[in-house]
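Student: The structure that follows is given in the form of structure tokens.
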Amino acid sequence: MFPVLPQSVQAPLIWPQRESMEVSLHSTFRLTCRGQTELSWNGPVFIDDQTNSVKKGLFISTVTISNATAVHTGEYVCSSEPFNSTESTIYIYVPDPQTPFVPSMTPFENHVLTSYDEMEIPCRVTDPSASVSLIHMGTDQVMPSAYDSKRGFIGLFGAGTYVCRALIHGQNHDSIEYIVHGWTGGSDLRVELRAVKRTLLVGETITVDCVAKGSEVLEDHWKYPGKLANRGPKTVKENKLNLEIYYTLTVTNASPKDSGIYACSITDIMSNESQTKELTITVYDHEFVHINPLIGPVETARLDEVPEFKVDIESFPAPKVTWLKDSSVLGDDTAEISTTLLKIGETSYQGVLNLIRAKAEDSGNYTVKAEIGSISTSYSFYLQVKVPPVIVDLIDVHHGSAAGQEVVCTAGGSPFPEVDWDICKNLKHCANDSSQWMPLPINSTDITVELQMNVDNHIESHIIFHHLEGTVAVRCLARNDMGVVSREVKLMSSGPHSELTVAAAVLVLLVIVIISLIVLVIIWKQKPRYEIRWRVIESVSPDGHEYIYVDPMQLPYDSRWEFPRDGLVLGRVLGSGAFGKVVEGTAYGLSRSQPVMKVAVKMLKPTARSSEKQALMSELKIMTHLGPHLNIVNLLGACTKSGPIYIITEYCFYGDLVNYLHKNRDGFLSRHTEKGKKDLDIFGINPADESSRSYVILSLEGKGDYMDMKQADTMQYVPMLEMNEASKYSPIQRSDYDHPPSHRQFNDEAESLLSDDSAEGLTTMDLLSFTYQVARGMEFLASKNCVHRDLAARNVLLSQGKIVKICDFGLARDIMHDNNYVSKGSTFLPVKWMAPESIFDNLYTTLSDVWSYGILLWEIFSLGGTPYPGMVVDSSFYNKIKSGYRMTKPEHASSDVYELMMKCWNSEPEKRPSFHSLSDTVASLLPSGFKRCYERVNHDFLKSDHPAVTRVQCIDNDDAYMGVLYKNQGKMKTRESGFDEQRLSSDSGYIIPLPDLDPLSNEDYSKRNRHSSQTSEESAIDTGSSSSTTKREGETLEDITLLDEMCLDSGDLVEDSFL
């Protein structure tokens, strides 16, 4: 039983009773409608889940939406049936971050305006909280229009493209584009007439399109052969996007009567403007193909020409054209041959064959074939490529045989050449006098001539001399249309060898001797020569790409660096190379605080060449130019007179850094099994505990290995010169300068830094300290415009207190057998440590040293690993460096340290950090007190009586010398970017001395230096004998006075063959 309909129906009620509601994405929501009649729902999508019931006279309808998405956003309408007279609505929002705008079920029709009409742009959002603006794409301006999230933008809009932009949670989202067109006509009208095919066969369909652009209110008129017979229905299609209208005429089952002119006239009704276009259609009753050759039956081409052969083809439809040579199809895959088919007209074509640089083998029969289905036609011609004659071979087959002498001349060419023979009996004039050559008498009984073709299609002419007297010259001539060539051969009668044979043998021996000498000279030149890697920059080109280096031999050398040979005792060899060696020694009288000091002495081997001696002297001069610094191996003195050159430098207790890291690797790994603990130790230091922390960075370390200098106390030493009988040498002691008297006066914190605490072992803080100290040392070298060129862990030494010393150890290293050095020309280079500009452009600067510093960091934090592990220096390695390959982070480096490496490895040198910046960056990774402690140690070093410091002070205080300033020095200082005043305080007063007095003679010098001796020390070095090892009483005080004498001699300059 159905309820009775009331006379007045009220609007149904929707629950929940809201105008709009927001539901979650992918959720389920229900809407319930109650009314007095049957109910129906309408929504943004088809609703298939709807239940209806009747309770207490009320109709109830419920819709359920599962998995709500953006498409469910919209207005839901509940209507009373059957009249739909009343209805209620609710608007549902389903916010979807991925779909900010509601997808439209029907596409937006491009709106066309004749003026500014009010219209609606239906960009509705799924999130009601979104802020939406309308953007005009042409001007990128925001349009002042009101927005309704349930409808979109409504207002007056001009022609253009619009986009709705929604701002949701700080991000912009753009809708699809909405295009609004303005009406135009008259002057913009353009008409085009197109045909799918202009030539057809009987029975095909003719299709002609008349396209009108730029106007919309148009009228079309057609003229064509079948119009009177009412053939050809017309269709109209409008493309509103591009304002184009297509009028299409179609004529089916075409016949030859439909051939003719087809014309289309379009008239703009608004402006009455008209345009007419026409074209010609041809209908054939059968297919056809014909070839009209433009070449003859025989064609010629010269060698290396680019001949072109053409044929005209009349065909309908388009033909398939094939070219053949000697019945073989010529394909497009052959680079020397190209074939093309050009369309000249509707039924006119041209076939073209091109030979790229014609060759002899291109001669042959050519055919062009044109096909249309079962119809085909062809044309053939012969091509001859003309080749100049050539004599392939001319040999004396039976030289001096009993059967006579036979000469064979093999000749080729196209066309085949004719072969003739000439003979010359006066050998002295055959080369210069052509009249001496006469045609060979082939009718003679003593001569036989035969002609034949060989397997290579060459002409062979055989001439046999049955009886030959003396020596004659025979000439073979080959000639054809392209020219003539000839070759000669000398024939000798059988008998003793002529003088020519003897001369040839002597010539061969002479050539062998010359080649041997050249090989020996090349081998001698390729033998590597010793050269100091350090360079001092004199000037820089304006573009910064060319550097001029100071010639070290032009630097002055002050004799106050001289140290008496009899004050120096040599010991064991610390390192030996191809050119020289470094020997441990003890110096007496270098310093007041240390009458006896352990030192390292550089010297050449007895077999050294003059170039090596000059290089060692250059190294000495550069070291005197640099001055002292805590983190370089400082010069203490030199011996350059009355014997070989010795350079006396600081003694480094632990040897080089590579082997020190190898030696302590196991202990380091045992303490750092957990990387997190290591990072905490580096960066998680509690400032409150900092004062009580032991700075092991400068503490005494465990036993070294390579060049281990700690074993010196057990060795027996060799005195350089024999002293008088009363003189005694004391045993060589461990150098006390590593802890000079001035250092012992530090406060407790400094003493903690210099304590000999070997229990701590190698720590991560040590690795950072080494990194910082090397940066400070290189910062100092850069301030002196000095380029190292071989910065690597093997050239970094470690002294007591873990103080890093930068050096150049090339003299005492066998680089020819060291895998770290690669042969390039006559030298060996550390390629894996070199910057790209140094490898490829031979450019060395402070910035190329920065690259090497990055490689050194990798060595330190890999605990002495070899850079680019597993990679061989070859072309592949160089290509990887060019393409930007860089090493991965070493195991024990933090991300900050690795970032520093990558900055050093920037492919653009000017973008690499300076050493000043590098030292500041590394200092920020260390405890705050470390840098203060380092500066205090450095300050006390510069205020101590270290020989390197005191000798420089003597030179600085001497008014008899003036400084040398180099060109562009200010520019190079600027490139080093900010060397602060405090850091330069150690060397700001140091200048390169120039002599203004005549150098003293050796005689005068020997009078001043009462410790000098004329005894040669070569025998002492070579025999290894040792004098007494006890120093006589009172001699130390006399030796100390040497320092005072050095400071008093202001004019002593050393000058010999190497200065």
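Glycine is no exception: its Cβ is also placed from the backbone N, Cα and C atoms.
Since the structure is predicted, the reported quantities are computational estimates derived from the model, not experimental observations.
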Student: Looking at Swiss-Prot, which of ASN84, ASN253 is flagged as N-linked glycosylation site?
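Tutor: Matching ASN84, ASN253 against Swiss-Prot annotations yields ASN84.
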Student: Where Swiss-Prot annotates a disulfide for CYS409, which of CYS210, CYS264, CYS476 is the other cysteine?
Tutor: CYS476
Student: Of CYS33, CYS123, which cysteine does Swiss-Prot list as the disulfide partner of CYS78?
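Tutor: If we follow Swiss-Prot, the cysteine bonded to CYS78 turns out to be CYS33.
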Student: Given the recorded positions ASN365, ASN432, ASP790, which one's Cα is the least distant from that of GLY580 (ATP binding site)?
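Tutor: Its closest listed neighbour, by Cα, is ASP790.
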Student: Tell me the coarse DSSP state (helix, strand, coil) of ASN272 (N-linked glycosylation site).
Tutor: coil
Student: On a simple 10 Å Cβ count over all chains shown, which one of the recorded positions ASN272, ASN365, ASN432, SER576 is most densely packed?
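Tutor: Of the recorded positions ASN272, ASN365, ASN432, SER576, the most buried by Cβ count within 10 Å is SER576.
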Student: Just counting, how many other CB atoms are there within 10 A of the CB of ASN67 (N-linked glycosylation site)?
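Tutor: Total other Cβ atoms inside 10 Å, all chains included: 9.
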Student: With helix taken as DSSP H, G or I, strand as E or B and everything else coil, how many residues of the domain 'Ig-like C2-type 2' (103-180) land in each class?
Tutor: 0 helix, 43 strand, 35 coil
Student: Using the alpha carbons only, what distance in Å do you get between VAL582 (ATP binding site) and ASN365 (N-linked glycosylation site) once rounded?
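Tutor: Per the Cα atoms, VAL582 (ATP binding site) and ASN365 (N-linked glycosylation site) stand 83 Å apart.
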Student: How long is the line from the C-alpha of ASN365 (N-linked glycosylation site) to the C-alpha of LEU574 (ATP binding site), rounded to the nearest angstrom?
Tutor: 85
Student: Between the Cα atoms of ASN67 (N-linked glycosylation site) and ASN432 (N-linked glycosylation site), find the distance and write it as a whole number of Å.
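Tutor: Per the Cα atoms, ASN67 (N-linked glycosylation site) and ASN432 (N-linked glycosylation site) stand 108 Å apart.
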Student: Tally the residues of the domain 'Ig-like C2-type 3' (189-282) by DSSP class, grouping H, G and I as helix, E and B as strand, and everything else as coil.
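Tutor: Looking at the domain 'Ig-like C2-type 3' (189-282) with DSSP, the answer is 3 helix, 56 strand, 35 coil.
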Student: Round to the nearest Å and give the CA-to-CA distance linking SER576 (ATP binding site) with ASP790 (active site, proton acceptor).
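Tutor: SER576 (ATP binding site) and ASP790 (active site, proton acceptor) have their Cα atoms 18 Å apart.
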